Amino acid sequence: MTDQSARASGPSPSPASGGWTGALRRRVVRALPPDKLLPDSQPSWVASWIYVFGVLTLSALCVVLATGGLLALKGPSWWHLSSVGRYINSLHLWSVELFMAFMVVHLWGKFFMAAWRGRRATTWITGAVAFLASIGTAFTGYLVQQNFDSQWIAGQAKDGLNSVGIGAYFNVLDFGQMLMWHIVLLPFALALLTAWHILLVRRRGVVPPIPLDGDGSGATEPDDGVAR
Amino acid sequence: MSAPLAAAVVVASVDLNHTGHYVHWGVIQISVANLTVIVIMIVLFVLALLLPFPKGRKHDD
């Protein structure tokens, strides 16, 4: 029996084997076991409308990305001149409006329940940075409308950006550069941050309510994801 | 607030296809459209805290 066939039919390899892919797999499964990654129940405190705004934000983001992808595929003549194009363009705008509104209500809720408790600081930070990335994405979206409104916004913004010294690298009067920021760089950053944020929510669990008589650290509260 | 003024505020917040209407309060200046959106978000936030959440199915298995 060759070494290869012995390995295929023999006992399972030791935990340390498998090279870098095996090590990565073990690390990922340890951090996010399947029952944490895709839970089928949530703690009792999640039964409140305030917890719905996170998934509403995510749903609106899906519509934003889908309609934005369609606009990118079909081009400016389509979204300016055809009725379907104008409809998708409006859908893109209004899904962004809902996305930002839902995200801010989600932010208010998480701020007042101190959602960074219990080793959830990175979850909070990724959410906050995703919010900043969303503002940048929305801003560059307004800059690429190709109308007088976008020209006015760019004319006003350039002074502010020049005053802090980044106008040479982020030139709001350069339509091509702003379009690339809007449809490539910022959506890519936002998608990465959102995925990281959601995986952290799965890993650490939804933050429990602030206890009435506890220290409020969130570290000693039940966090097993079991419905009660 | 008189009825015509209230109606004007509602119409101004819904019909955005004209020059914006603004509310001034000291150094604060905000368009009626933006103020309406902020008020709606605050109302949503309060309702989300107060309204009872429907009970889901129990998992007996």
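Just so you know, glycine gets a Cβ as well, placed from its N, Cα and C.
So that you can see what the record holds, here are the features copied from TrEMBL:
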- A:1-18: compositional bias 'Low complexity' (COMPBIAS)
- A:1-21: region 'Disordered' (REGION)
- A:20-210: domain 'Cytochrome b/b6 N-terminal region profile' (DOMAIN)
- A:46-71: transmembrane segment (TRANSMEM)
- A:91-109: transmembrane segment (TRANSMEM)
- A:121-144: transmembrane segment (TRANSMEM)
- A:179-201: transmembrane segment (TRANSMEM)
*Tally Cβ pairs under 8 Å between the transmembrane segment (A:121-144) and each listed stretch (A:46-71, A:91-109, A:179-201), then give the stretch with the top tally.*
A:179-201
*asked:* Can you work out the mean pLDDT of the predicted model over the domain 'Cytochrome b/b6 N-terminal region profile' (A:20-210)?
replied: 94
*Sort out the residues at least 6 away from either end of the transmembrane segment (A:179-201), same chain, that have Cβ-Cβ distances under 8 Å to it, and list them.*
32, 37, 54, 58, 61, 65, 68, 72, 120, 122-123, 126-127, 129-130, 133-134, 136-137, 140-141, 143-144, 170
